[in-house]
Amino acid sequence: MAQSVQERTRLKNKRYESGVIPYAKMGYWDPNYVVKDTDILALFRVTPQPGVDPIEASAAVAGESSTATWTVIWCDLLTACDVYRAKAYRVDQVPNSPDQYFAYIAYDLDLFEEGSIANLTASIIGNVFGFKALAALRLEDMRIPIGYLKTFQGPATGVVVERERLNMFGKPFLGATVKPKLGLSSKNYGRVVYEGLKGGLNFLKDDENINSQPFMRWRERFLYVMEGVNRASAATGEIKGSYLNVTAATMEEMYNRAACAKEVGSIIIMIDLVIGYTAIQSMAIWARENNMILHLHRAGNSTYARQKNHGINFRVICKWMRMAGVDHIHAGTVVGKLEGDPIIVKGFYNTLLLPKLDVNLPQGLFFEMDWASLRKTVPVASGGIHAGQMHLLLKYLGDDVVLQFGGGTLGHPDGIQAGATANRVALEAIVLARNEGRDYVNEGPQILKEAARTCGPLQTSLDLWKDISFNFTSTDTADFVETPTANV
């Protein structure tokens, strides 16, 4: 016999409580939840408002970043809400921070559109960061399952392919950013590129805010830059390049500029992080289809990545960008002018380069994660570095990195070409010493001094910048308790 409307409503009311119910009670907190291999996992640093229970705050993050709204709704009965609710399954107090908590949250894979960074982030960071019950919130780490990773293309080239193109193995790539950032004419800009490449660099690059300003329109820049690249390649017999920034106001214009870069012979283009995740993925697809290397400048990242209690940790950006398919990304120098704790920066580099991540709490890596054969993204070290730091750069950053000396090349008293030569000789000397088995880290200053005996430009660099360092306390360091078994 068919049930009446009144009877059906009575049964629904019996199994469904209306009104405002605590998130933890609604199912967004489940300490017994068994994490599935297919779950997307997120670790948040939660700072509840005074008087807010940390478990309820963590459940609220899970709810507001998945299926919840501020009150119970009837439509939940029309979905598999028990499946689609994100589950906060573990809450730990942050060591030495009594008002902060690490909240581990699991998301069912079906909550996310395949191959879309925009959709992934719309849930994970879309609305919850403005939640009033939280004083602050930071996304510290994520685990992306293999099934979801396989819906992304990843980098088109990666380290191995780029080395094969340049015929350069066993040492870092060497480059420089054209300075000043703004104001040069196209012809002078091209001359800077030529001088740097002629002096021994592999690449030069545009800076993040060089697009198409009145003093230098993009098409003229591209033509003069490629003239410099071709002349330097012919003079040195080496494969050279320059990162041409195609960032623009619209996707149509970026495609237009990228096509022009390819037409004039460039092997690499550049974009800025500020263009957004969808635009980044779109340009990555274009670069793959057109056999171009894609360099990403992380312009704007410190607005949300630097502060320890609120925003997004840069290691998460590294994961998203490797998924999106960029071939290069700026990832810190340790010794330069920009933010970068040595151990945390190592975690960034490992995230970009390793085929599989293990838990490493000092580096801020909270999850194991297999990269499902996605190619590596090459880290770029840029900002306040010079030849006298070469041994430290090799120690901290290894071989698979692009070392970008902007002021450390163009600020040389004897000219741009001399600055480039100084950096090239310094790099070759330190790499040779390492390969010969010398203690290149502790002997680094002596090794550079020996090399400078036969290289005047290097001696000038060492004399000029010998006292320059940026020794400031990092604002972002790892939070963990050292134990014999819990840390790597």
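Cβ coordinates come from backbone N, Cα and C, glycine included.
Around Lys179 (active site, proton acceptor), the same-chain residues at least 6 positions away in sequence with a Cβ under 8 Å from its Cβ are Asp207, Gly406, Gly407, Leu410, Gly411. Per Swiss-Prot, the feature active site, proton acceptor maps to Lys179 (among others); the stated evidence is sequence analysis.
Annotation source Swiss-Prot lists active site, proton acceptor at His297 (among others), citing sequence analysis. Within 10 Å of the C-beta of His297 (active site, proton acceptor) we count 25 further C-beta atoms, all protein chains included.
Counting only residues at least six positions away in the same chain, the Cβ atoms of Glu64, Ser65 sit under 8 Å from the Cβ of Asn127 (substrate binding site). Annotated substrate binding site per Swiss-Prot: Asn127, Thr177, Lys181, Arg298, His330, Ser382, in sequence order.
The Mg(2+) binding site annotation in Swiss-Prot covers Lys205, Asp207, Glu208 and rests on sequence analysis. Sequence-distant contacts (6 or more apart, same chain, Cβ under 8 Å) of Glu208 (Mg(2+) binding site) comprise Lys181, Asn245, Thr247, Asp272, His297, Ala299.
Annotation source Swiss-Prot lists N6-carboxylysine at Lys205, citing sequence analysis. Lys205 (Mg(2+) binding site) falls within a strand when secondary structure is assigned with DSSP. Listed in sequence order, Gly175, Ala176, Thr177, Val178, Ser242, Tyr243, Asn245, Met270, His295, Gln404 are the same-chain residues at least 6 apart in sequence whose CB falls under 8 Å from the CB of Lys205 (Mg(2+) binding site).
As annotated by Swiss-Prot, site 'Transition state stabilizer' applies to Lys337, with the evidence given as sequence analysis.
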* Could you check the binding-site residues Lys181, Arg298, His330 and say which one's CB has the fewest neighbouring CB atoms inside 10 Å? => Lys181
* Structure fact -> Cβ neighbour count (10 Å, all chains) around Asp207 (Mg(2+) binding site) is 19
* Taking the Cβ of Thr177 (substrate binding site) as the centre, how many other Cβ atoms fall within a 10 Å radius? -> 25
